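Asker: So that we are looking at the same thing, I have put the structure below in structure tokens.
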Amino acid sequence: MAQGIPEDVMMNHSLVKELAEVAKDTALLHGIQMRIHETPNSSEVRNENTGIFNLNCSGNNNCIHVVFLQALAVQIHYNTLVDKISQDPDFLQEALASTIAVDDFTARLFRIHQQILKEGKSQSIVLGLNRSDYMLDQRDDGSTSLKQVEINTFAASFGGLSSRTPDVHRHILKVAGRLEDSHRILDNNPAAGLARAVAKAWELYGSERAVVMFLVEESQRNIFDQRYIENELWNRNIPTIRKRFDDVCKMGSLDQDKKLHIDGQEVAVVYFRNGYMPQNYISEQTWDARIMMERSMAVKCPDISTHLAGTKKVQQVLTRPGVLEKFFPDQSQVVEQIRATFAGLYTLDEGLEGDKTVEMGLAAPDRFVLKPQREGGGNNLYGAELFQVLQSVKGSAERMAYILMDKIQPTPVQNILLRRDAPLKISNCLSELGVFGAYVRQGKDMVMNNCVGHLLRTKSSEYEDGGVAAGVAVLDNPLLI
Ligand code: ADP
Ligand code: MG
């Protein structure tokens, strides 16, 4: 999304070095930090922050200002869409039928969803915190359009840290002599907006002593991102606790009213920041813990059906003709707004349509991305690898575990990425915009539905995949002109 940094700054090595030092210190001062790999569960050493910063924020032109506003504007509709999907068991069943036939993890989640439906949902309050990710598709003919990469309905991260990056980039720009540009960095506070929705769900649950439980990872490198939201809640006198699956296994229980208790405390809201990858479920007990939480009276963020609504297969099915119209009857403008952000997505189900997708992918592997039903980065396939895998699964049902997607092609922009243990050098960079959505529904009433901020991540174009946590991308800010 960037126009990059001016020639004079790029050429001035001593200025770049000085700005890098200023950037690291300012990031520390503002609490933009991540624990290091070596000690992910202790804050004794915490200098990974130096590895997650772009030295210069991404500059831009008018056209990009327009697409930025477009991404913010469509967010409440995406919130509504995800929520509607989560309430449509027939749609989920049909959309995911082929996937669950071959993908064990999705199948297992789907079985939990069915079990909960059968037993009857015990909680009518729904809390959704999601992040829709986009890239700019910039074609040779000069056209520029905003295309969605995916929507994350589970454990969407960096709402905390991105609340603090604007001040850092403003400061760096000032030190670089670009005062005017520093004023163009937008305020951004997703942490506050996400916490507002959690607080609303907690309030509606209606028990002052009950806590918000963050269900956290074994390895807690990104704890600071979560702490911002925790602290926003504590500021409202809402108690929060952090527990792992293992704690829930050992200390969790449901009482006769299906209220969830952990270690003697009643839980009003379970905010999942872990549980989206097969490897998060290390034993049958872990699955039992997930089922117990799903069954409980606690508000789940997300609940199991909203989790499924965020799968890549659902994303593909939504691009079929008539599907959006079904969710938004008589709202053609909303349909158009959402559809405008869709990249081409193609089924690999068995049958003629899937056969055509295979042919198309094999004929031009560099034009596509092959995606399994996984989250968290590093699972997608590109180029030669895409060709190889597609070739090997094309004749079997296994291919239904994947979807094929048009590769979005942003124009790279030169910039300097500041990453831990990486030299300061000019790279061709690509940016990805994330937009945070937060909503609360009680029964049929949408009590809250907001766009609560954004995230810009920038990486070198030599990487196809990989986020900030993987050490590839850095936290950035749009510089809108
Ligand atoms: P995950 O759930 O693992 O985050 P994503 O679909 O978000 O999966 O893909 C991970 C990364 O791969 C994205 O952040 C983006 O950089 C890249 N990517 C994914 N889909 C596309 C696409 N259609 N075109 C270009 N890059 C993509
Ligand atoms: Mg992603």
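Start at 1 and count along the chain as shown; that gives each residue its number.
A Cβ is built for glycine as well, from the same backbone N, Cα and C atoms used for every other residue.
Because TrEMBL annotations are produced automatically, they should be read as predictions rather than curated entries.
Take a look at what TrEMBL says about it:
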BINDING   R131, Q226, R457  substrate binding site
BINDING   E150, K312, 371-380, Y382, 405-408, E432, K459, D465  ATP binding site
BINDING   E150, N152, E375  Mg(2+) binding site
DOMAIN    210-309  domain 'Glutathione synthase substrate-binding'
Asker: Please check each of the binding-site residues E150, Y382, K459 and report the ones with a CB atom less than 6 Å from an atom of ligand 2, ordered along the sequence.
Answerer: E150
Asker: For a Cβ distance below 6 Å to any atom of ligand 1, name the binding-site residues from E150, P372, E375, Y382, K407, R457 that qualify, or say none.
Answerer: E150, E375, K407
Asker: From the DSSP assignment alone, can you count helix, strand and coil residues within the domain 'Glutathione synthase substrate-binding' (210-309)?
Answerer: 41 helix, 26 strand, 33 coil
Asker: Under 8 Å Cβ to Cβ from R131 (substrate binding site), same chain, six or more residues apart: give me those in sequence order, or none if nothing qualifies.
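Answerer: In sequence order, the residues whose Cβ lies under 8 Å from that of R131 (substrate binding site) (at least 6 apart) are I151, N152, A156, S157, F158, G159, G434, V435, F436, G437, L455.
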Asker: In whole Å, note down how far the CA of R457 (substrate binding site) lies from the CA of E375 (ATP binding site).
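Answerer: Their Cα atoms are separated by 17 Å.
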Asker: How many neighbouring Cβ atoms, not counting its own, are there within 10 Å of the Cβ of K459 (ATP binding site)?
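Answerer: Total other Cβ atoms inside 10 Å, all chains included: 24.
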Asker: If you compare CA-to-CA distances from R457 (substrate binding site) to each of the binding-site residues E150, P372, Y382, which comes out shortest?
Answerer: E150
Asker: Drop a 10 Å sphere on every Cβ of the binding-site residues N152, Q226 and tell me which sphere holds the fewest other Cβ atoms.
Answerer: N152
Asker: Whole-number answer please: how many Å between the C-alpha atoms of K459 (ATP binding site) and Q226 (substrate binding site)?
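Answerer: With the alpha carbons as reference points, the distance is 23 Å.
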Asker: Which one of these binding-site residues has the most other Cβ atoms within 10 Å of its own Cβ: P372, G378?
Answerer: P372
Asker: For E150 (ATP binding site), what residues in its own chain, 6 or more apart in sequence, show a Cβ-Cβ distance under 8 Å?
Answerer: S132, D133, G310, K312, Q315
Asker: State the three-class DSSP label for G378 (ATP binding site), counting H, G and I as helix, E and B as strand, and everything else as coil.
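Answerer: DSSP assigns G378 (ATP binding site) to coil.
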